[in-house]
Amino acid sequence: MSNVAVQDARPATPAPGRGSLSHRSLPRWAGAGFAVAAIALAVGIGLAFDLQSKVQWGLIAALLFVLISYAVTTAVENKRQAKDRVATSLVWVCFILAVIPLLSLLWTTISRGTKVLNGYFLTHSMAGVPAFEQGGGIYHALIGTLEQIGIATLISAPLGLLTAVYLVEYGKGALAKAVTFFVDVMTGIPSIVAGLFILTLMLMFDLQPSGFMGSLALSILMMPVVVRSTEEMLKLVPNELREASLALGVPKWRTILKVVIPTAIGGITTGFMLAIARIAGETAPIMLLVFGNQLINTNPFDGAQSSLPFYIWEQYRVGSDASYDRAWAAALVLIAFVMILNLVARGIARWKAPKTGR
Amino acid sequence: MAKRIDVSGLSAYYGAHKAIDDISMTVEPRSVTAFIGPSGCGKSTFLRTLNRMHEVTPGGRVEGKVLLDDENLYGSAVDPVAVRRTVGMVFQRPNPFPTMSIFDNVAAGLRLNGKFKKSELADVVEKSLKGANLWNEVKDRLNKPGSGLSGGQQQRLCIARAIAVEPDVLLMDEPCSALDPISTLAIEDLIGELKGRFTIVIVTHNMQQAARVSDRTAFFNLAAVGQPGKLIEIDETERIFSNPSVQATEDYISGRFG
Amino acid sequence: MASSIATDTPPPPAPAPAARRNQSTGRAGDKIFLGLSRGSGIFLLVVMAAIAIFLSIRAGIAISEDQGNFLTTFDWNPAGSPPAFGIAVLLFGTVVSSVIAMAIAVPIAVGIALFISHYAPRKLAAPLAYVVDLLAAVPSIVYGIWGALFLVPYLGGLNEWLDSYLGWTVLFEKTEVGVARSIFTVGILLAIMILPIVTSVSREVFLQVPRMNEEAALALGATRWEVIRLSVLPFGRSGVISASMLGLGRALGETMAVATVLSPSYVLSLHLLNPGGGTFAQNIAAKFDEANQLGRDALIASGLVLFVLTLLVNGAARMIIARRKEYSGANA
């Protein structure tokens, strides 16, 4: 009895006895072989023609790879298999093309960011530090960021939650449709436009820049995200639960507060945290509304503040080696903050996922 | 050109779980063979090993031999894509390509397999739709989407799509289970007509259906839940339903379990 | 679950003074709660309306004082006498950089989405999807400094190469010396930035392709690529389009990444590799510090145009999604 373990892939070795169902096929390592050949050729061409940019080498290699695989597969197998193979390699190329810059971004941030990142950096402000010199830290920016996103969350979490409840539990008719539509539209508002809107308020009512103004703009950005994610989670709560509770004579509002929201609370929390992660990195509104500050200002309602993303922008604009180091270190802190929020949020989502038994 | 299927020592796995164990049987050309048996006995899995569709399920793996006339489908040089072109399949739920028109649905397989002239293509589509007893119902709206048809019509569209590429074998995985009685009848009539041209294997839950449409019937069973399914017996349909040689078959057919 | 509800069963109806029926507390509660939640929804609409109205008011002030033509002037000088500013360069830069970003990002994102949904080994797919989602969360300012300090020097070679081989297309002809702080570089950076969002939305759609549609193609004897062409791409097309629109919306409004990378100028040039040009958001970020009262209003006016632009793009994306929902609902 022949004993074949079959995967959905070309058979490993071409066999001699062929019937109508089989054709000559390339060995499994063919793809890797083509890649090696293409890279070797590209390096050869690169050296021969003395091409400077490694990007050119890569492009030539990729092009050769596609051509070689198509030609060889057409010759050995057939056109359809060749197309399939080219599609497969293109998909892989896409993946690699995308991974390179993203890994580079992470690597650059980590390698350059760790240079000046230490306890001192985290616990000191830029007070009295000349922009071109080393030293200083992000303490003031951290405080600013935490306060601004804190206030923004306090504003948009209840509003967003209630709006989502309205849409899922009560929403019918034109008003609900309008709200749904504009929530979507609001998700797409560029952060700088949200900043400009608050700026118009400041101009009209003669308000001064402060952390709170920034928080207002951030809430505009955060609210639709909260509404959308909460809505999704509330929709996942099975109707049977609502009906069971209502059938027991529990009023609707208590059903929502005691049954629906607790059931979905894991997902809702996740949504909140992802929304926070999103606004924590916003720079543009802070630039327009909070102005930035080298000193520690713990009062978000009075006077200019800094924030982590704004600090990065500021240090980048100074343009000295010392300030670039600070910018990278702050970027690392910001990325770490956002990533941790994301990871925790997703952890909660997995842990508290409503068991709907899909 | 209908072909004979010879299965020997075939087992199929989902990961570590063995779904069917050591099945050997012969399916005669130009006839209808029905697979019956309780849920989970592996009859659908077995059907899917006959055109190498089983291995596309994650963890799916097959051991053994399936000879189509004299060629082993699981031979090392065999291309599963070619196998599936030769052994057509109709699924439990009608699955026309939702974005394609009726015409394009039927032509899909042909277009994959090479270039056709437009007129040739139209001929084959008409022939296949006629073969599936659907032509009269759809000839005026060939450019409408296939998803606009009724369930029974969609299933016949899928049959037309499958026979358009002139396969040697037609596998049907409970083709009527999602349909109403009238559509079911239409499909059953169609099966009777198609068996002159194809080797047909049909999985069904409905024993009356097996008795009505098939020439031979195979009964599958499993010892217990979690155990692999086995072929209990295969014989002329008449014998299976009147005088089976195994007690379990009789129990199942007379409705004592399953 | 059932037991937890049981313990939550109606509290003994509180004595309701003014009502005959004992559900009245529930009713009052319901009313308050409905009022609150509906109020939040209405508040959201009010905010949206306020954004449109207030921006329009200030924009109106600015445009009425503009001595240039707001649409066609190639300059931004609201502090001059007479003040003259126009959005021509900004509109051009915004649209062109976003189009470049889309042209690069969408095919690659579709490729990655397919990679995750249909090509990657199963064990790799889930972590990959996760990483892509995480990358969508990287703040734009970080992309910005990475673009300016790492990507720009690196792209010099590519620019030279494009100039020497594709210079004849005019678009890739580099007529000015200088680092690659060009609209083209901005496009590349924006492409990298929108890649994660376009990928993750497309991936979701590709994963939703009903298994039976793919099996239909497989059973006809389709190769993996043909399965994708026959059942995955047609099913996912509208999803990919709307994902692209979402990405486009982000690219149009991106501020910090553009502000860090571009060296702005008010020149409208088809030579995409030349340093210079500008976008709405970048211009606001660059000019805000030095802007006087009219300068701010002028920036607000340009922001209004950006707002309308993103509204149109996002609206289109939503309409496509909505139509797709109807379509798949009818099909279920």
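Just so it is clear, glycine is given a Cβ too, placed from its N, Cα and C backbone atoms.
Caution: TrEMBL annotation is automatic and unverified by curators.
The region 'Disordered' feature in TrEMBL is assigned to A:1-21.
Look at TrEMBL and you will find A:29-49 (among others) tagged as transmembrane segment.
According to TrEMBL, the transmembrane segment annotation covers A:55-76 (among others).
Look at TrEMBL and you will find A:88-110 (among others) tagged as transmembrane segment.
Sequence annotations record features per position, and here TrEMBL assigns domain 'ABC transmembrane type-1' to A:142-345.
Feature annotation from TrEMBL assigns transmembrane segment to A:149-168 (among others).
Taken from TrEMBL, the feature transmembrane segment applies to A:180-205 (among others).
The annotation transmembrane segment is assigned in TrEMBL to A:211-227 (among others).
TrEMBL lists A:259-280 (among others) with the feature transmembrane segment. Taking Cβ pairs closer than 8 Å, the transmembrane segment (A:259-280) reaches residues 145, 149, 152-153, 156-157, 160-161, 165, 169, 218, 221-222, 225-226, 228-230, 232-234, 236-237, 241-242, 245, 250, 308-309, 334, 337-338, 341-342, 344-346, 348-349, 351-354 in its own chain, all 6 or more past its ends.
The transmembrane segment annotation in TrEMBL covers A:327-349 (among others). Beyond its flanks by at least six residues, the transmembrane segment (A:327-349) meets 106, 108-110, 112-117, 121-122, 138, 141-142, 266-267, 269-271, 273-274, 276-277, 280-281, 308-309, 311-312, 315-316 of its own chain at Cβ-Cβ distances under 8 Å.
Non-local neighbours of the transmembrane segment (A:149-168) in the same chain are 176, 179-180, 183, 211-212, 215-216, 218-219, 222-228, 230-231, 234-235, 256, 261, 268, 272, 275-276, 279-280, 300; each lies 6+ residues outside the stretch with a CB under 8 Å from one of its CB atoms. Below 8 angstroms of C-beta separation, residues 144, 147-153, 155-157, 159-161, 163-164, 167, 183-184, 186-187, 189, 191, 194-195, 197-198, 201-202, 271-272, 274-276, 278-279, 282, 285-286, 288-290, 297, 299-301, 305, 307 of the same chain, each at least six residues beyond the ends of the transmembrane segment (A:211-227), sit close to that stretch. Against the transmembrane segment (A:88-110), stretch A:55-76 shows more Cβ pairs under 8 Å than any other of A:29-49, A:55-76, A:180-205.
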